[in-house]
């Protein structure tokens, strides 16, 4: 059985004080939960302060980075390498639509990052999704081109460490998420594609999340779908009470 995962992507938000208060609140708020994994993705500069807070918390509360370079070191001003992350982080978000849109990241670059993350023992949280709300055939084509490209030459024994996120870009930050049924149909097709790329057993072990305007009010619409294994939460993850509610609802549903 795939363990549900709830990720909180803080994006380019929070001061040091904000980050400390938020991380402490989440740590305390989820401390007694069972059956769910919770990952916080603060900005790079707050990784270590948040790490110090949550390392004293429950083992299922872990840390992730929002991006990374695929090289270990070098003259790349402003970049972060996997070597800098691996001792604090278990996860790293790669291929987020905002990276694709604002920083022109292409599938080939994301593929290099995925390979590097896996090589260093980091679990990549790989985002995939269509930009416009098209009919299902067009949407699937867009998503599956991304899926095959970013996983190119990733061996079966490593891909199991990856987490995929279906994030319809038209739903991110709009307050208008995809329906649970629509998201589940897309995730099912992603899993079927993985089965063709690898095999059915491998595909069944990979967690696939939903991302896009997730709130405490709609989380169960997604996680009640058998194919969806959790959520990557954006803006709502900055609201401790609501994010904790999301985690609690998902944990309760696993009982």
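Keep in mind that glycine also has a Cβ here, set from the backbone N, Cα and C atoms.
Annotations in TrEMBL come from automatic prediction, not curation.
When 59, 204, 213 are compared with the substrate site residues 9, 10, 11, 173, 234, 235 in TrEMBL, the one appearing in that site is 213. Ranking the recorded positions 11, 96 by other CB atoms within 10 A of the CB puts 11 at the bottom. Per-site Cβ counts within 10 Å over the binding-site residues 173, 234, 235 peak at 234. In sequence order, 96 are the recorded positions from 11, 96, 173 with a C-alpha within 10 Å of the C-alpha of residue 167 (active site, proton acceptor). Each residue contributes its Cα atom, and for residue 213 (substrate binding site) and residue 96 (active site, electrophile) these two points are 14 Å apart. Less than 8 angstroms from the CB of residue 10 (substrate binding site) sit 19, 22, 40, 41, 42, 43, 66, 237, 238, each of them six or more residues away in the same chain.
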